[in-house]
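Peer 1: Quick one: the structure is below, questions incoming.
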Amino acid sequence: MSAKQDGSTAESRKAPHSYRERVNSTVELAALVYRPLTASGALLSILRGKLYRRRSVRNVLDVVAVRSISGGQGHSAESKVRVEYLTPAEGNANGNSISNISAAPCADIRGSSDTAATSSSPSTPAQPTLLEGRCKMCLLDPTVLKATELCPDPASAAQHCTPVFLLGAAVVGSHVTRQLEAAVQAGQLSRKAADLLQQLHERLAGGPSSVSLTEDTDGSEQPQGLPRAAAAPPPPSNKRRASYTGAVEVTFTPRAVELNYQAYTMSELLSMVLPLREHADLVALSGFEQVGHIAHVNLSAAHLPYADIIGQVILDCNETVSVVVNKVDAISSVFREFKMDIIGLRRRTDSVDGNVVAGADLDDAGEAGGSLTAAERQAIALEALSPTYSLAEARVHRLLTATVRQHGCSFRVPYNRVYWNSRLSFEHTRLVDRMRPGDVLFDVMAGVGPFAVPAAKKGVQVFANDLNPVAAQYMKVNAELNHLPANALHVFNMDGRDFLNSVLFTSVTRAADASLPGHLCTGRRHVTMNLPAIAVEFLDVFQPLSSTCAPASEQRCNASAAAVVNERWNHLPAHVDPNAIDRRTLFHVYCFSAAEDLITDAVRQVEVNLGYTLPPENIEETLMVRDVAPTKRMMCVSFTLPPAFWKNLLASRPGQGGEPGGAHAETASTLVEVEQAAKKARPDKM
């Protein structure tokens, strides 16, 4: 673990807060105000997809229209009467908010409306000069209508409301057209705004719905002109549209909306605060992997100067994230953990807009908090006994221990000390779903148990191994966390080859005492080897003795260099009953491939390291698990050991008169010769 020290981390964490001020802005929008409120269903249905959309911004507001007196000079007393649209909260604050919007003077409105009213039919409701009382305000998307497009004069549009118009089924269509045209001629309404109101009236009155906001060829919504002829009827729809048969009073007004960092998505914020245009090597961050409360990113060298800002943006946009870490080096350790820096940390004292935000603290016990299991407390106690133990390192360990839920199970993951990949959750589920109660699972590279724990919970007898002692310890923690029976999951901490040569061998050949766990299997034996960078190399334990090569023994961990890794599977004990050997044991081996023919290459990698050719009937399944890189895939080959292997093993039994490996030396040699042609993955891409 290469986490930053407390002092440097705290100092660098002060800088990112300034980015929030840099993204603050105010946007002027066109707003449609209407009453009565009972028309909301019909109007909002018509406006669906046309409203302003931004995170943390309400596009439909409850407002109160109240009269106020203008302080301007040169007007009559009557012309000084104006209207302000206040939200309830703003009304309580005496209208001091930036959101208080003033309407045009009454005299200006009456001048245009009186002309239209004189020619209206007796059945047409009287046109109001001002909206008063409770109203609804809908913020319109700028692609539909901009605030500067409300009136022909942009300066006037930014300061005043338009006149009040009557729309709907209770209003004669010719009257609507005349009042809109009069407002356009008087310079109180732009043609684009008039077109929009005409379209709203047609929809409210039940006219042709094709006279509406339509989509241009590029998919953007564009307002169309006033109707001149009847259009084709709308296509039938299964959705019931809300209807309103009364008159609706509407007006347009500009609305100032304050935007802060909460109004933007993570990708939008990063594109705003990072100088992407100034640096060609600086590209937008594609995303992150989340493991419990931890967000994991892989930053390039160009991103590193902005690591603290990136960490803060991730925290601000993801409430479930408390810690952000950056992968410093590639995975190179035999324990498969990687070095990381903490670039973002949400403290319990952090606040957003004055509100305290709950999160992790460096003194926390990670996400587990006070709910540690007995096995986890034991693991922590053992760590404290280490000669290299330090309180600061222990705090970091607790901070980076996450709780992950997957496949109906909970996993405690010490993320900085074990290997965990959340992108493999589907594969964990897929493989466990193949198993049935009564099966036995041998997980050679088990990690903290993403295969082992759900399989044991399903009723499968599990023998799980990992070379990493921390992973082995946390398998026990996760067994306790998921309330597994004591005999359901057996944990081992040894080299994978030793596990194959001991635990698996005694179970498959029934060489152990019948009373030992794993000897009896009423279902099928499964062997998982999920270490795609080098898992196929562990298959050398099954090679015939004649094909043993130096690299196999050189790569063996925690074993004598002089030992022959495949000796156990080439010498069958005399007391073993050949008929009791389980030849149906199914191996699931993972590897990487960059070849054009992924399936052929994956099988070839297995054959090269196994030392035997796999007949088609022994290959049960070969599939691509996921994309690792543009030209690199993770593969899984599920197979049983071929007849040639079992024939060689039986020939090695004392008293059979055979020489192990002799009958198949030619096949094995041929495979070993082409080993260099097999696609090998680099260990740092595990």
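In case you wondered, yes, glycine gets a Cβ from its N, Cα and C as well.
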Peer 1: Determine which of HIS428, HIS483 appears in Swiss-Prot for the same S-adenosyl-L-methionine site as ASP466, LEU467, ASP495, GLY496, ASN530.
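Peer 2: The candidate from HIS428, HIS483 that Swiss-Prot ties to S-adenosyl-L-methionine along with ASP466, LEU467, ASP495, GLY496, ASN530 is HIS428.
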Peer 1: For S-adenosyl-L-methionine, with binders HIS428, ASP466, LEU467, ASP495, GLY496, ASN530, what's the maximum Cα separation in whole Å?
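Peer 2: Answer in Å: the longest Cα-Cα distance is 22.
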Peer 1: Give me the long-range Cβ neighbours of ASN530 (S-adenosyl-L-methionine binding site): same chain, 6+ apart, Cβ under 8 Å, in sequence order.
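Peer 2: Spatial neighbours, sequence-distant, of ASN530 (S-adenosyl-L-methionine binding site): LEU424, ASP443, MET445, GLY447, PHE451, HIS588, TYR590.
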Peer 1: So if I draw a 10 Å sphere around the Cβ of ASP495 (S-adenosyl-L-methionine binding site), how many other Cβ atoms end up inside it?
Peer 2: 19
Peer 1: For HIS428 (S-adenosyl-L-methionine binding site), what residues in its own chain, 6 or more apart in sequence, show a Cβ-Cβ distance under 8 Å?
Peer 2: GLN406, HIS407, PRO450, PHE451, PRO454
